[in-house]
């Protein structure tokens, strides 16, 4: 069902953050940092995949996503909704249902047998495709999916995520340089504000998280494992 009312962006961000905290998708651990895919430490971790197990929250967030896309991209901006393997697939299906559009998904790499395709489902030349994922940190992983979509002759100028880290300034520029606009529901800053308001974490933890969010590179550099060759 296509939404007919448009809540303010700030309210969408606040409620999204609240839901993520409610289902304990947000983890803060400054004393024992998580390791990102890049190998760098982080005091924060978010598990958006948990959302598929909470129908009421899942449904509300997909309404928010549809509203965000209709308002910011347009009512007739897309012909096809593509999910990125694997976390983006369920959310792409839900967004496609909301907008009444076909759904496809993009593999990270070809299967290696059969059609050896990266696109599953029907995607045709000239279609305007929206790439849907659960989250993005620096935007890098989205570009491979976008390239696979464009190789079919379709266009992809937009990607939508539930959660955007919002702390690496190069992210938006990297996507824009590739001709892609990012749409998102909330960021770490929204989660931090809601965590403070709800008292979900203690003040010391939140202060350390804010230090990371304000200057992630410096925070990470100070906590990188020592290079053993430096002492030789």
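Placed from the backbone N, Cα and C atoms, the Cβ positions cover glycine too.
Swiss-Prot has this to say about the protein:
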BINDING   107, 108, 111, 133, 134, 135, 136, 137, 138, 139, 140, 141  5-phospho-alpha-D-ribose 1-diphosphate binding site
BINDING   137  orotate binding site
Among 134, 138, the one of these binding-site residues whose Cβ has the fewest neighbouring Cβ atoms within 10 Å: 138
Candidate with sparsest Cβ neighbourhood (10 Å radius) among 107, 111, the listed binding-site residues: 111
Rounded inter-Cα distance in Å - residue 137 (orotate binding site), residue 107 (5-phospho-alpha-D-ribose 1-diphosphate binding site): 19
Chain-internal residues near residue 136 (5-phospho-alpha-D-ribose 1-diphosphate binding site), provided their CB is under 8 angstroms and they sit 6+ positions away: 142, 159, 161, 163, 164, 165, 171, 182, 184
Cβ neighbour count within 10 Å of the residue listed as 'orotate binding site': 19
Residues 107, 108, 111, 133, 134, 135, 136, 137, 138, 139, 140, 141 [recorded 5-phospho-alpha-D-ribose 1-diphosphate binders]: greatest CA to CA distance in Å: 26
